[in-house]
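Engineer: Sequence annotations record features per position, and here TrEMBL assigns [4Fe-4S] cluster binding site to B:171, B:178, B:195, B:234.
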């Protein structure tokens, strides 16, 4: 199994952004998806540095793809999405708007924000040119196994969410702006102070979600660290690591060791818990009763 | 063209009530996980669906069958059967969201009209035209993230009819793209047709204050005498930094009756009322009010508004994303 | 938006409620049971719609009366009991008698009563929801059912129904649902 680094969902300064991808060039990962996933207002801050980052990652032997936006509504977003299809790079479709611009037969990959829940959808996307599909994090292991089997018949590689705060929802409304009493069109980049999202707690002060502009993430970091063997057995081709602002080099090394067999689930989980924002892991979507559950915490 | 009023029916009784109250069109679903209002005690058996369609047709109304969850891997036949049974029941269209199911319906039921569910979140003309081209979709239910001017722009660029929500519960997240419910409970709109399911809700009255928990997470606490909200995650009270409040959305519901003239001018074909989980009392009142409003609009009279406040969550309404400041 | 647009749900006057509390409970319960059984037979969809909740025990709590009604669908072999508060059950649906009757008759919307706090649900929320939706679909005409009552238990229940109708202002006949189209 390989590792893919998904697009950075957060708003970082251009310098932080660049240094993240500079370091990633040295990380033991096979693929990197970059570009703007969450908010079109963020892209201009680092767009000029994108080509160099792509070049550097490619030179370091990584396969590189560019993501579409997760929700395309505004004219400038439609234009950017159309241009993405013409850029010539591999496109990761995270909103079907992007697919509408890709010529019939052109290869593409499908990101976790496209609803691929069943064999029929997988088959349709494969016929349309999908070569790799990262499944929605919500799917239970049984569905992953069924889809991985179906994908093999279509020559499609299946990827599963391995690590990162889970993308739970996308909205037309910006919650960061709302929290600061602003409208989205005049947000003054309220999200820039939260490089891993802003933790949202319940009234009992339990960490629950994380807001990230128009996106809502889980507070806990989704981690498939205990399901690696099951996913390998199912024929899953790669695991997706979603960026976090601190310690991501170490996260990549731990995952590399875990996949290579140099670390068991428990050791890797312990090491990752110390690194993730909020310090909590969850894997309930794959094997629990609900997303927020963590298999290591469940009774045997 | 008179704008079509599309009304919810969670039960055969609600369907008859809606038809008799003047609904042009009713939407409903089968009593299983194939539809996004898979709530206890709701929805239609196969026989009830056929009877409901016959009743509606006899009164000049249409019936749309919502099959708008995402089929579970390994169990697609359940959804395929729902499409076939909707056609057999005489439904005027099916409302679908899943790519695979759309492809299946287009191939195996080409004569059955296909509408695109709000669950597909097609939020711009490129995406809508894509569904029209690939699957012969004739109508799209627009996601609740668009302003009136954006809706007008979409209609200028597509031949696919548009249907918009005008009244009822309001999802603040793009529908079909939200896993908040399964994060807390294991059941989601996409997979199970439920959001914040009742089976995971607990209410507690303490000294007049009402607490609601979902999957053990306390998502609301309202003082005595204050309106109670649905125990829906995105309308809960949460804390972030030093703030506490409805961080995602207030417990309000949509009332866009006042925007009906603007929606008509924007080229909207149909106005949709949310609430398949509501009673026939609700359906009757809302349908009568909206039918009166479209008739008034058609006759050039002023559209009455604010009549339905007491039926709404929190007793408070919003025009939602139709006005840009909501974002 | 103002809350005062909501209609006030009428309450049974306390003196009358106290008097109703003196009614013998067993005959009332048996009469209610006969009524509900007949309704269940006439509306098979009622039990079917309860689905997995058809063996739940529902405590129906008219908060302005001095007793609660325990309803057990029991898979179609319906049991009804009348007992003092709080009553034991899977779920409790509490509100003024008029609100509960209005729900049965389709005069009121359950969610609207919940939003306004006129209706309180405790325990198994899904079971309560299933019952509400099943009852809403059944279009029950309680006054017709009560008129059909006979035997030794008919008296107290008719008395109760008459009181309910007069004091709550909620008609026990189904409201006119057909619009003027």
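Backbone N, Cα and C atoms are what each Cβ position is placed from, and that goes for glycine too.
Quick caveat, the model's predicted, so the values are computed rather than measured.
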Engineer: 10 Å Cβ neighbour count around residue B:195 ([4Fe-4S] cluster binding site)?
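Structural biologist: The answer is 25 other Cβ atoms.
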Engineer: Among all protein chains shown, how many Cβ atoms are found within 10 Å of the Cβ of residue B:234 ([4Fe-4S] cluster binding site), not counting that one?
Structural biologist: 24
Engineer: Below 8 Å Cβ to Cβ and six or more residues apart, same chain only. Which residues does that give for residue B:178 ([4Fe-4S] cluster binding site)?
Structural biologist: B:171, B:188, B:189, B:190, B:195, B:234
Engineer: I'd like the Cβ neighbour count for residue B:171 ([4Fe-4S] cluster binding site), meaning other Cβ atoms within 10 Å of its Cβ, all protein chains included.
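Structural biologist: For residue B:171 ([4Fe-4S] cluster binding site), the count of other Cβ atoms within 10 Å is 26.
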